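So the structure is just underneath, and the comments pick up after that.
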Amino acid sequence: MYLMVGWFLTNCVCNEHYLTMLCELDRKELPMPATQSLSFILERFKLPELNTAILRTGAHRAGMAEPAAQASTQARLQQGPSGGSASSGPNTGSGSGSSDPARPGLSQQQWASQKKAQVRAFPRAKKLEKLGVFSACKANDSCKCNGWKNPHPPTATRMELQQQTANLSEACRSCGHALAEHVSHLENVSEEEINRLLGMVVDVENLFMSVHKEEDTDTKQVYFYLFKLLRKCILQMGKPVVEGSLGSPPFEKPNIEQGVLNFVQYKFSHLAPKERQTMYELSKMFLLCLNYWKLETPSQFRQRAQKEDASAYKVDYTRWLCYCHVPQSNDSLPRYETCQVFGRSLLKSIFTVTRRQLLEKFRVEKDKLPPEKRTLILTHFPKFLSMLEEEIYGENSPIWDADFTMPASEGAQLVPQTVLSPVAVSGSPLRKGQAGSALDTVVSEPITGEKRKLPEALTLEDAKRIRVMGDIPMELVNEVMMTITDPAAMLGPETSLLSANAARDETARLEERRGIIEFHVIGNSLSQKSNKKILMWLVGLQNVFSHQLPRMPKEYITRLVFDPKHKTLALIKDGRVIGGICFRMFPTQGFTEIVFCAVTSNEQVKGYGTHLMNHLKEYHIKHGILYFLTYADEYAIGYFKKQGFSKDIKVPKSRYLGYIKDYEGATLMECELNPRIPYTELSHIIKRQKEIIKKLIERKQSQIRKVYPGLTCFKEGVRQIPVESIPGIRETGWKPSAKEKNKELKDPDLLYNILKNLLAQIKTHPDAWPFMEPVKKSEAPDYYEIIRFPIDLKTMTERLKNRYYVTKKLFIADLQRVITNCREYNPPDSEYCKCANTLEKFFYFKLKESGLIDK
Amino acid sequence: MALVSADTKIAELLTELHQLIKQTQEERSRSEHNLLNIQKTHERMQTENKSQSTCPTSPYYRTKLRGLYTTAKADAEAECSILRHALDKIAEIKSLLEERRIAARMAGVYNDSDPPRKTMRRGVLMTLLQQSAMTLPLWIGKPGESPPPLCGAIPASSDYVAKQGDKVAARVKGVDGDEQWILAEVVSYSHSTNKYEVDDIDEEGKERHTLSRRRIIPLPQWKANPETDPEALFSKDQLVLALYPQTTCFYRALIHTPPHRPQDDYSVLFEDTSYADGYSPPLNVAQRYVVACKETKKK
């Protein structure tokens, strides 16, 4: 990760003209190629070193972006070529990259600190001379000279070191007073303070050059302000404090860093630890990049933004220059990290541009990325940023809440989501608080594609799932899982497409994982200004729908797609809409109406339709709606059937009548969602399960190694044989399952006969007499008011004859009710209850004897 | 049995191919050295020319360079011949695979006792069609050689008979009487009646058609290289029949842009009345699935 960051910094800071310019500052004195300006950053943050350490140990990386001890900088400086290893691509190894071993490159920061060290090592007299230049003359009150000027200006900067130190009595070139008059205030000042002032002198010199070279007026102005500020501080021996309307850091809470970390927790905490770590690393990388990213100038910003935004941005930009950017090379000023002092508003202004530049950078220079990081950057990073974008610009994103916490524990994490699924929850809040009881029971985790994370996924599952008795031991399953080398992963994805039984959505899933296609839930809004991209996509959707559904009036489509109550799940490829599902949620009615569904003709039969519907299902599970209703026309029925829709409608008519749009000649279809199913991964999970079972069967076969001749009994006219009698079946480990035993007897006649026999025996029992016939009202007038479900043995005999007892359960229930009715109506010590007790014992004994209930 | 021997044959060919590729690398490193020499000589010449700007090229350098270039040319030719040899091997492997596929298909057709073949998902069929287009060999001619028939846009000769297993565009009558150009595979050709038997490529509506010669257009068997043989490509605005993406039907279309590189597709505008200007937005179609459109519109 950090190798990558190092690479990135090398590349991005190179074009920072500010640093470059600073490097040129004293070119004569210290020749250095501009491209090495950032080696100091790398040095300072010890990126290369940390990186190798991390690669070896896999240690936790938190906090390493903090500035490391300066001491190591010095140590490494003496080792010669520095920043190179950070910029090394796959071919250069840890070699020298861009730095030239003959001329140890020094960045501006390095140069500044070296220069400071040099100046601080001067003899005191020389130091005073240097400070005198920035100190007001105190000869008398009337002298306005604010800095001693050497009467013998050095001809070349290079000579400065060898030059004679000016004598304290040397007269100032401008006011004529002696140097001593300029530095009198420093007489009793400690060496430490002198050194601090000297540091500021070096920084002032730098700033002077910066002001001189900067072309952007806004930036120039700030540099000039800082220049004056530092000068004043030297004069007054004060500490620089940026004054004015800028305010002081932090400027917003929560800060960017907190927001991004919340984002990782919010979106990825359900992932397996390794993947979560990956996401965490991506976020760290993003934050580090941001801390060193050169922001666009207010004038650049103004060209693409609203006027009011621009003025706010200018304030932020000035803050950034004063507190983050300039202090990077100018340590007289207190330094803050961009991500720690700024919050969502700055990120909002810079994210789009920064993201584009960042991705462009990575794309252009992808060959320089270490190969093992390439996938991470090229596939995961864009998605990571897309998802982050939703949260930055989304209305109700929770990640910016001051008191953001994840709902519940990680274990109770909602519905498992597709890894990196970028389905946007635009404008609609999250799952916070929605992790209701219904979803808490979710146990299944998606078994995801990559082999290496399977064991973890399994143990996780193992812990949660209630094991089935007599199931295959988990160790065995794990072992098998390890042996299943995913052929698709080994031979490249193409082979999996070749197989004729590849899942319908396999290609689409792969494409999504690689970032070729994206899914976003979007909609129009009247209350807030929709962003331009969303509007463009809505127009795109309207075009796709009206082209693919020629029988729908175009105006009608437009009206619904742009209706704020309707939303559309859009399928985006190369930034263009190629398909979508327009829907309207009715949360109060507990269903969603699917309004339009189409994929553009030249992108059909690629599984996009299926993948779209699966994403829509997961989106709805997240929002607690579990029914889809739609009017399907004759061509659409096939599609909806494949997506699990049926013509059998379970939602009561009263719930949708008057809500759903009625279409003539179309068929109403419904799909019920199961919140435990991760729909976008379902076909993949099933495929894996099949593989596992196949492997388990193969193992068993290789253990048994026995071939029996086929059964011939069926040819001879036998219609059915018990499973146990098949030769060899027991050796395979087959057992009649517990379920099997409890199963109803298949033959209804058999059950009838058993029950008839049983009932006859009960009726002949000596204690059965009170229950032989229905209770007569004449004998117990209030009986039927107390007993709601009367039953007796005569009625049971009739029910049996009428074949009412199709299961033993019904029979036992009636029998039991005879007893409970009796106990309810009669006092416990009555004759009737005594009879009931004996009879109950008797018939339970008989039920067990006949095998109807377990012994 | 025949299948097994084909398997071993393919394995042998693959080994040979492997060897050839290794040889190519050897050749390449050898010529590398010589090329470097040439470059250095030129550099030296230039510096010397600068210092004494009188003579253009000294006889010494002239002979030296001539020798070096002759070697370089020989090296390049050697490398080229190995590469061609490797291409031949690939073609041989492909034809063996094709033979095997046809044999398996015939066996499937005539063997009733086999379980019914699983029909492919349409998506899989589309992927196969795309792959077939992608792996269509690029025609690489010798210098000065012009591309043969069935390379890119160059039509087959008038007496050409498509072989069994070849893919063609076939004009068939649909159920509703409409004529349609479909993607089909040749089953046989009868010289007596001059008629083809072809199978619809689409398994869902698998149907055998008997069609006269003029209803058949063989598909290209090589891609034309736009960098070396641009004349073998359809040019902008030319009327063609192109396979509509993700379908198995050919429709009339105008070439929007021809490919720029060997792996590029044509960009075409399909005739489509549902668009205001009568044409679809530009869509990509591989060289494999673009053929000349003969007839003028009759409707």
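Cβ from N, Cα, C; glycine included.
Per TrEMBL, the feature active site, proton donor/acceptor maps to A:GLU593. Per TrEMBL, acetyl-CoA binding site is recorded for A:CYS597, A:ALA598, A:VAL599, A:GLN604, A:VAL605, A:LYS606, A:GLY607, A:TYR608, A:GLY609, A:THR610, A:TYR635, A:ALA636, A:ILE637, A:GLY638. Marked as compositional bias 'Polar residues' by TrEMBL: A:70-79. Residues or ranges marked as compositional bias 'Low complexity' in TrEMBL: A:84-99, A:107-116. According to TrEMBL, the feature domain 'N-acetyltransferase' maps to A:521-674. The domain 'Bromo' annotation in TrEMBL covers A:763-833. Feature annotation from TrEMBL assigns region 'Disordered' to A:64-118.
Between the CA atoms of A:GLY609 (acetyl-CoA binding site) and A:GLU593 (active site, proton donor/acceptor) there is a gap of 17 Å, rounded to the nearest whole number. A:VAL599 (acetyl-CoA binding site) sits 18 Å from A:GLU593 (active site, proton donor/acceptor), taking the C-alpha atoms as the reference points. Those binding-site residues from A:CYS597, A:VAL599, A:TYR635 lying by chain B, with Cβ under 8 Å from one of its Cβ atoms: none.
Taking a C-beta cut-off of under 8 angstroms and a sequence separation of 6 or more, A:GLU593 (active site, proton donor/acceptor) has the following same-chain neighbours: A:PHE583, A:ARG584, A:PHE586, A:PHE628, A:LEU629, A:THR630, A:TYR656, A:TYR659, A:ILE660, A:LYS661. This prediction places the mean pLDDT of the domain 'N-acetyltransferase' (A:521-674) at 92. Sorted by the number of other CB atoms within 10 A, the binding-site residues A:VAL599, A:VAL605 start with A:VAL605, the lowest. Following the DSSP three-state reduction, the secondary structure of A:GLU593 (active site, proton donor/acceptor) is strand. Per DSSP, the secondary structure of the compositional bias 'Low complexity' (A:107-116) breaks down as 9 helix, 0 strand, 1 coil. Long-range neighbours of A:GLY607 (acetyl-CoA binding site) (same chain, six or more residues apart, CB within less than 8 Å of its CB): A:ALA503, A:ARG504, A:ASP505, A:GLU506, A:THR507, A:ALA508, A:ARG509. Packing around A:TYR635 (acetyl-CoA binding site) is summarised by its Cβ count: 9 other Cβ atoms lie within 10 angstroms of its Cβ, all protein chains included. Shown for the domain 'Bromo' (A:763-833): DSSP residue counts in helix, strand and coil, namely 41 helix, 0 strand, 30 coil. Within the same chain, residues at least six positions away from A:ILE637 (acetyl-CoA binding site) with a Cβ under 8 Å of its Cβ are A:THR667, A:MET669. Counted over all residue pairs in A:CYS597, A:ALA598, A:VAL599, A:GLN604, A:VAL605, A:LYS606, A:GLY607, A:TYR608, A:GLY609, A:THR610, A:TYR635, A:ALA636, A:ILE637, A:GLY638, the record's binders of acetyl-CoA, the longest Cα to Cα distance measures 18 angstrom.
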